[in-house]
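**Student:** Quick one: structure below, then a few questions.
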């Protein structure tokens, strides 16, 4: 019956997944255009940037009073007053795309293959002073527009001084900021006079009353350059898109001279804004199959290689020390214990064998521990498979949100394994409340994450961000969870209860618990946790920086090969360090290894991940909402890391303990 139920659930999941649009693999299903064919231009949300630079009057990069926001805005949010088509149509998106804030719509731009345009009028809008203040604030804080043409992000050309290479960076500026100086007597632009305190920087020459102003210029003209590949016989494919935004102050459409004054929105009056665009086509030798190569830029790979090689050597050294020390010590212990005359010498002996009557004693809160470990195993398998598939190239960045969608599906499927593990561990603890374990394992951790997401959703709603996950999407996720994951989890728990024999211990548990002697300071839980967490954290520290920039600032992350190798190092170090500390604790007659194995394996690394995320905020966070979102999501990431590494530490310790105590003779 259990097998049939699991089989039916898998068939239903296969049916649902098969009805969804297939994942877009590199080199599959290109769109071929003929001359004058329409090329759709889609618009996405406006997102913050990380390394946006202000410029002075000579065009040089200068530092400015820039804040960083961690939420995006809908392109057609009514305060932007962008031109709209006759009928705004939302484009279909994957589940992962919606979760990560994509809001893709059609646009009024008319692009036709090989049909160039010069200063084509788009529309005229009126931007009130209050909305002008809002737009100027986003310009000064480096917000980017994000367009999509034939599945490619409209980009800007970026030069990486470290690698001496150029690449295409997704998105382009909402506007520009010019840093200029003036005195109180000099006439300054209205936008600079009426902006709030953040326009005026702290640099001031009191004697001459010279102030430094940030003048935000709004981009209202777009030079669109489309690169195409000629396939012959009149067939063409889009292989690159660059957009150069220009700010032009004008009183009538049809004039696009860039030598005139730029447009700065007056925050005290209504502003008439004319939007225009130009289109050019450049033939390129780049084939369609390699068009993403220009976007998938690895920032300073030498740092990543250096970090991975160095830490790989550390892991090899650590592994050698741990394995050699344990094998040597255990070999000596086994020989001594198995030759021991229990009647004469047992009371004189010491070491981990003396714990044989307590080492398999059920810990306090065994139900909670089993649920956390099972949830950690579920997350571990999800992360491993997701990174592995991405490293092989199955999850292309051209399929927006595919990674998040696959992670959600895998997490639901691995609910079977997570619940099986949770129930097996609960049997290992001889827990009596198996029904509570069956119900809570698929609900506790996902429910906690859902509540946190809903709470953070309210903060996103407060600032009118496009990152708000719609209620319909949340209900759909919960529906899928109850339809697929929970039945699979129940099946895993029931099978484990009937078929899993982890409750068969190699030694019997005494009725009276053995007193634990005094432990050295470095083996106490908190110091041991802090020491053990250094090694797994070190294996992923470099990759965390790139993951954060991708999550918060809309950068394309495609270094999954580095990430997969780093995750392997994380797994090895978490396992080895926890086993080493568990062994030395047992040698000092501390038989309470269960919670220590989980905490030492997971809490230290999670703590360092959280501290790293806080140190990552060397940039200035803008506003209370941004701080709450950053701390909230960073806490979720750290807690999930704790579950993954904690489950690695616990299972490694459990297998180690069972192995060594099954290898000795106990009467």
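Even glycines carry a Cβ here, placed using N, Cα and C.
So Swiss-Prot lists the following for this protein:
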- 1-22: signal peptide (SIGNAL)
- 23-302: topological domain 'Lumenal' (TOPO_DOM)
- 61: N-linked glycosylation site (CARBOHYD)
- 282: N-linked glycosylation site (CARBOHYD)
- 303-323: transmembrane segment (TRANSMEM)
- 324-370: topological domain 'Cytoplasmic' (TOPO_DOM)
- 371-391: transmembrane segment (TRANSMEM)
- 392-405: topological domain 'Lumenal' (TOPO_DOM)
- 406-426: transmembrane segment (TRANSMEM)
- 427-442: topological domain 'Cytoplasmic' (TOPO_DOM)
- 443-463: transmembrane segment (TRANSMEM)
- 464-474: topological domain 'Lumenal' (TOPO_DOM)
- 475-495: transmembrane segment (TRANSMEM)
- 496-527: topological domain 'Cytoplasmic' (TOPO_DOM)
- 528-548: transmembrane segment (TRANSMEM)
- 549-560: topological domain 'Lumenal' (TOPO_DOM)
- 561-581: transmembrane segment (TRANSMEM)
- 582-596: topological domain 'Cytoplasmic' (TOPO_DOM)
- 597-617: transmembrane segment (TRANSMEM)
- 618-635: topological domain 'Lumenal' (TOPO_DOM)
- 636-656: transmembrane segment (TRANSMEM)
- 657-667: topological domain 'Cytoplasmic' (TOPO_DOM)
**Student:** Return the stretch with the most CB pairs under 8 A relative to the transmembrane segment (597-617), choosing among 371-391, 443-463, 561-581, 636-656.
**Tutor:** 636-656
**Student:** Within this structure, do the transmembrane segment (561-581) and the transmembrane segment (528-548) have 3 or more Cβ pairs under 8 angstroms, counting pairs 6 or more apart in sequence?
**Tutor:** yes
**Student:** May I ask which of the stretches 371-391, 406-426, 475-495, 561-581 has the most CB pairs under 8 A with the transmembrane segment (636-656)?
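**Tutor:** Answer is 371-391, with the largest number of Cβ pairs below 8 Å.
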**Student:** Are there any residues at least 6 positions away along the chain from residue 282 (N-linked glycosylation site) with a Cβ closer than 8 Å to its Cβ? List them or say none.
**Tutor:** 225, 226, 227, 228
**Student:** If you average the pLDDT over the topological domain 'Cytoplasmic' (324-370), what number do you get?
**Tutor:** 70
**Student:** Same chain only, please: residues at least 6 beyond the ends of the topological domain 'Cytoplasmic' (582-596) with a C-beta under 8 Å from a C-beta of the stretch. Say none if there are none.
**Tutor:** 326, 329, 350-352, 354-355, 358-359, 361, 363-366, 369, 429, 514, 516-517, 519-520, 523, 525, 528, 650, 653-654, 656-657
**Student:** Count the residues of the topological domain 'Lumenal' (618-635) that DSSP assigns to helix (H, G, I), to strand (E, B) and to coil, and report the three numbers in that order.
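**Tutor:** Per-class counts: 13 helix, 1 strand, 4 coil.
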**Student:** Mind checking which residues reach the topological domain 'Cytoplasmic' (496-527)? Cβ under 8 Å, same chain, six or more beyond either end.
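**Tutor:** Here the qualifying positions are 2, 354-361, 419-425, 427-428, 430, 434, 438, 581, 584-585, 588-592, 596, 599-600, 658, 661-662, 666.
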**Student:** For the topological domain 'Cytoplasmic' (427-442), what are the DSSP-based totals of helix, strand and coil residues?
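**Tutor:** For the topological domain 'Cytoplasmic' (427-442), the helix, strand and coil counts are 9 helix, 0 strand, 7 coil.
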